[in-house]
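Peer 1: Please see the structure below; I have some questions.
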Amino acid sequence: MRGDRAAVRPALPLLLWLPLLWPRAGALRPGELFPHGPARGDRLLRDGDDESSGAVELARPLRFYGARVRRLYVGTNGIISTQDFPRETQYVDDGFPTDFPAIAPFLADVDTSQGRGRVLFREDTSPEVLALAARYVRTGFPRAAHFAPTHAFLATWAQVGAYEEAARGAPPSGERNTFQAVLASDESDTYALFLYPAGGLQFFGTRPKESYNVQLELPARVGFCRGEATGLKGEAPYFSLTSTEQSVKNLYQHSNLGVPGVWAFHIGSTSPLDNVRPAAAGGGLSAAQTPAPPGQPFSHVAALESDDAEDDLDYYDGNEEEVEYPPGDPEEAAKGHSSVDVPLHVEADPGPLGGGGSPLDSDLASPLPHPTPSGGPFYPATESATLDPQTEEGRPVGETDASDAKGPTESSEQLETGGLAPPGTEGHPPAPPREGPAPHPETRSLQPHPAAGTPPSGLDVPPHRPVLDHHPPLGHGRQVVGVEDDIGSNTEVFTYNAGKETCEHNHGRCSRHAFCTDYATGFCCHCQSRFYGNGQQCLPEGAPHRVNGKVSGHLRVGPTPVHFTDVDLHAYIVSNDGRAYMAISHIPQPAARALLPLTPIGGLFGWLFALEKPGWTNGFSLTGAAFTHDMEVTFHPGGERLLVTQTAEGLDPENYLSIRTHIRGQAPYIPANLTVHVAPYKELYHYADSAVTSASSRDYALAAGAVNQTRSYRVLQNITFQACRHAPRPRAAPAVQQLSVDRVFAWYAEDEGVLRFALTSLVGPAGGDSEPTPVNPCYDGSHACAMTARCRPGAGVDYSCECAPGYQGDGRSCADVNECATGFHRCGPNAMCVNLPGSYRCECRPGYEFADDGHTCRVVAPPPSPCEDGSHSCAPGQAQCIPRGGGAFSCACLPGYSGDGHQCSDVDECSQDPCHPAASCHNTPGSFSCRCRPGYHGDGLRCAPDPLSGLKPCERQQHEAQAQLAVPGAQLHVPQCDEHGHFVPLQCDSSTGSCWCVDPDGHEVPGSQTRPGSAPPHCGPPEPTPRPRTVCERWRETLLELYGGAPGDDQYVPQCDEWGHFTPLQCHGRSDFCWCVDRDGREVPGTRSQPGTTPACVPTVAPPTVRPTPRPDVTPPPVGTYLLYAQGQQIGHLPLNGTRLQKDAARTLLSLHGSIVVGIDYDCRERMVYWTDVAGRTISRASLEPGAEPETIISSGLMSPEGLAIDHVRRTMYWTDSGLDKIERARLDGSERKALFHTDLVNPRAIAVDPIRGNLYWTDWNREAPKIETSSLEGENRRILVNKDIGLPNGLTFDAFSKLLCWADAGTKRLECTLPDGAGRRVIQSSLNYPFSLVSYAGHFYHTDWRRDGVISVDRDSGQFTDEYLPEQRSHLYGITAVHPYCPAGRK
């Protein structure tokens, strides 16, 4: 399809476009890096795992962002900074932003020890290096044609390796990486060049040092960060180019200046530079790739994320979610995140470019394309606007009109490749060519589209009409609209205003598949062709329909009263042949059998969706989805009377009709041994304005063997609805119509408790079938049309099949049309299209809501600022609240404090030695003070020798004060000293009468000063500083608090000596069950006593080699809902208040020394927590009851047990083993162990169970073919559920309440959900960091994250991040689970 795309591209002057669009065919070769090596004057970095060059002083400064930099530091881990690096554990595993300035060509855990490569660096002013750098910069930045660098800094990582943990018998990996960073600068601007030669990247990320044998690899980061030390993640401006393994793999294949493997960035300037700006030429394509059209944004991140080969790369949507923020938006740029979308805005001749191109000349095949002459720096992404060809008015980049076909209407998470969408109008896709000519192409910005060319001819697109209906929001911050109307639970019937109303202001009351017509007295809605209904609600002809509802009843069956409330009703209608099936579940048996003859309950759906004879109309065409059906039934011969009311409550977002039924009265009893037969029948319906009535008698037979009884009942029906009276000739049916009902079935499935009705209905003229004429197959259901097709009767028995709207095919076979992929949808700007069977719906992006037209999304009014109303959670007095817009805020600790802003701690400035060498530093909350030492005087920052150094401090201050009192008007306090020259503890000012206490250094004791005339304070020697509590004392206090202050006779409390150390002999409560411990309180093996004896414990016994876990380790949590998370050697407890994280109440639940806990789950029936241990290769459990101890239940046959899932119903557990590539099952006590799967598994990780439906789900993050699979709980019916568009599916959870299977993907950075059968897949959040484990609770997702080392909360409806918990102890978090105070039942 590339030739088709080229045919619609405007032409450009070849001299302008050739250097940009046709780069050389080959990638950068290793010999084409900038020259490097000791012979070129390079310095070598020390070999090692975490080395730094120390400060490299530059002969001339360069610019980084707006700062002037005179020294640089080069690190082993693929990074350059303007300051020395912290320990690698504080940054190497984290994403951007970093807490320090960073220039990162390949930030990962690199190791050059044992000859694994080397790191070289130098400052260079040689003409050849400067000329080469200038050519690259001028090519990537056309307006910088006169850039002439005066100096450059080069850093080369040559054949470096990744850090690897030593493994016995395993040789080190031979994978090596080579890459280079060049910083070129003149007097005002600095540019960075990142170079990746072909074959130079053999590993694409590194494993965290704390991952142990859990197979995880964090992709390398490439980008920049200004790195203010605010202590707040996310505040410093940064620019991120990669975040997934695929994007790293593609670094050498693509480019932003036309040379594959070379990337250029503007990183500093004397002019304002809010953030790093990437080069804007070349489009990141190799010679085999087609250039982007003029004016079309190209996303380098999107190209890097593609897993396409070099010879087949198409264009991604400009709304790629990996983009950090659009630099062209000044408001967003101020927030400090950066975009890698680089639009090329070039004025062009609108004529076609053609599909061919001239061969490149010899110069163009060189390593560097020719620069394009022009003057001054030019950044299309920020300094230009897209010109509307008709108005010639500019609009900022990033505010693209939704009319841009397809692109903006795609979900930002959908990274699809393809050609150009056909231009449309008013934000709607155009009809196919047979519907009429497309609008002029100049009125539209061309966007990339996943389906190139024209739509398939078989797709029937409705005529272009405005979207007319409106739907309320479905969740917080995220608006959802279906293609059909959603009346929700509103039971009021829609009414037209009696006054004169017009379509101009009321078209939103019509269905989106209807058109609005003005009449003399008002307006009316009419369904479009191929749809039917009353105009307010329209359904596609020929498509199957569903009905959901509730049934309640208060009736007497014979002498027995029967009551039931809100039992489920479901109906399925095959509209192309008039068949209707209805089921009422969980209805009491006496009532169900008594209602068997009452076919009119299900007959309502037969009338609504009856097959229509030509010229006749079924019920839904009149009533739509808002009506009331009243029915009175009188049974004979007993005279029992029933009243039935059925109220339609609209269509839900899936186009299902909602209906509520209420039954009351008396019905005759039908014994269980009788069956009910209802013969086919006909009944007449009389039509009036807004009402339909029917009166008929019905016979039914009760059969028991060969004995039959015939009974009857009379039924009166009244259907009321609101018709539109404004049309001159109302669209009403004839006054009388006949409903013919055939194939009537009624039966009660006692084993299921379900009452079922089935019937086939046909509406036509009264008595119209008296003549014995052949029956058309459309009327008797014998046609061969698909269930999603409309049967069109012809002459005699001829007929034709036509696929329902939303489907395509020949009518006998129909397939769903993906309106979202083809562009035939009407979702407006800032909306996402979600495909549905036969339809679609629009969802507003987070932060937007639907306007009155029901399809345009507008910005939600910002909520009140928490910083203004005081509802923020920033640390009082220690942090400031910073409003972020939209009700969001961040917290920043005040100078002198550090932390996340919610919790701040004092910074000890004295550790940085800010005072004079002859001064002492005193730290104070938020500040510090300096005091010159004895023998010196000054302000502490500067101290000089004191001539009065022989005097004591008090004497010296006394001498100085007396000398200053000689000055007229001076008022100073003269310190009082004792006979030894020391300060008197009580000091009083004779001039004011105030007194206060001082310490031995003469400093006032805070809070001790008294007012003049009051009694002086009591000043005594300072209290001794209490020693910190020991481990024994803290443990003792914790257990005493747990036991309520007084332990029982059988409860253990550690015994501590006067210094807080463990006493060598420890006993359990008041029993004689004792044992010896070492100095750390760990039991000495073999010392447990028998009753009546006491072991001899020696305080000097050396600590044992094996240290068993102290007894007990479980600290039971309070009753309530909370999260449990695995963090290395412990299991943490994080309470929930509703869905909010109670971070202040978080604590350690269980300490497991020597373990690495990965998988974790909870048994709600026995209140037991289960976990996998990859260090001990075991599966264990512990009760949450007081005094419980851990119990190992699986201790053999495991290598790397990771994911774990508990089935609380069947009392079984399931786990994955990524070392053995197996999935196993066992009883909760470890018995009846069985391997379910041991083939076709590469890296099984997460596992989830649905005990209600009996399904098992697991992920396999095989890098070559990741997938999510499912089977039964017995291991049967194994199949792949998801294997498209996933990367590293680490976390998996099944929500029993929403019936959604959801996963967190560390490769795609997305949190997604699908139904258990794989349908209805949608993206919840597309900007995750590096998720590991996932759990759902109460409309929220909670996942552990390896970039943030914390627990993060995501709202299921809006997809927004709502909360975050970062444990004080920084290390990776693994599994997470939710603990309920009850067992969730879920829904089938």
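Going from the start of the chain as shown, residues are counted 1 onward.
For all residues, glycine too, the Cβ spot is worked out from N, Cα and C.
From a predicted model like this one, the values you see are computed outputs, not experimental measurements.
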Peer 1: When you check TrEMBL, which of Cys977, Cys988 turns out to share a disulphide bond with Cys995?
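Peer 2: As annotated by TrEMBL, the paired cysteine is Cys988.
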Peer 1: When you check TrEMBL, which of Cys1056, Cys1067 turns out to share a disulphide bond with Cys1074?
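Peer 2: In TrEMBL, Cys1074 forms its recorded disulfide with Cys1067.
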Peer 1: Name the cysteine that pairs with Cys891 in a disulphide bond per TrEMBL, restricting the answer to Cys867, Cys874, Cys910.
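Peer 2: Disulfide mapping in TrEMBL sends Cys891 to Cys874.
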Peer 1: Of the ranges 278-300, 945-967, 1221-1243, which one does TrEMBL flag as region 'Disordered'?
Peer 2: 278-300
Peer 1: Cα-Cα separation of Cys1074 (disulfide bond) and Cys891 (disulfide bond), in Å?
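Peer 2: Cα of Cys1074 (disulfide bond) to Cα of Cys891 (disulfide bond) measures 52 Å after rounding.
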Peer 1: In whole Å, how far is Cys1067 (disulfide bond) from Cys988 (disulfide bond) when you measure between their Cα atoms?
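Peer 2: Here the two Cα atoms are 57 Å apart.
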Peer 1: Which residues in the same chain, at least 6 apart in sequence, have a Cβ under 8 Å from the Cβ of Cys874 (disulfide bond)?
Peer 2: Gln880, Cys881, Phe889, Cys891, Gly901, His902
Peer 1: Given Cys995 (disulfide bond) and Cys1067 (disulfide bond), what distance in Å do their CA atoms have, once rounded to a whole number?
Peer 2: 55
Peer 1: Measuring CB to CB from Cys1067 (disulfide bond), give everything in the same chain under 8 Å that is also at least six residues away in sequence.
Peer 2: Gln1055, Phe1073, Cys1074, Trp1075
Peer 1: As a test of reading the model: what is the averaged pLDDT for the domain 'Nidogen G2 beta-barrel' (543-773)?
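Peer 2: Mean pLDDT for the domain 'Nidogen G2 beta-barrel' (543-773): 86.
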Peer 1: Could you tally the C-beta atoms, other than its own, that fall within 10 angstroms of the C-beta of Cys1074 (disulfide bond)?
Peer 2: 17
Peer 1: Which residues of the chain, 6 or more past the ends of the repeat 'LDL-receptor class B' (1254-1298), have a CB below 8 A from one of its CBs?
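Peer 2: The answer is 216, 244-246, 415, 1203, 1205, 1207, 1210, 1212, 1214, 1216, 1223, 1225, 1236-1237, 1241-1248, 1304-1308, 1314, 1316-1318, 1321, 1331-1336, 1341, 1343-1344, 1356, 1384-1387.
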Peer 1: Within 10 Å of the Cβ of Cys995 (disulfide bond), how many other Cβ atoms can be counted across all chains shown?
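Peer 2: A count of 19.
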Peer 1: Based on DSSP, tally up the residues of the domain 'Thyroglobulin type-1' (951-1019) by helix, strand and coil.
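Peer 2: Taking each residue of the domain 'Thyroglobulin type-1' (951-1019) in turn, the totals are 13 helix, 11 strand, 45 coil.
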Peer 1: DSSP-wise, what's the residue breakdown of the repeat 'LDL-receptor class B' (1211-1253) into helix, strand and coil?
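Peer 2: Tallied per class, the repeat 'LDL-receptor class B' (1211-1253) gives 0 helix, 23 strand, 20 coil.
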Peer 1: Report the member of Cys891, Cys988 (the disulfide-bonded residues) whose C-beta atom has the most other C-beta atoms within 10 angstroms.
Peer 2: Cys891
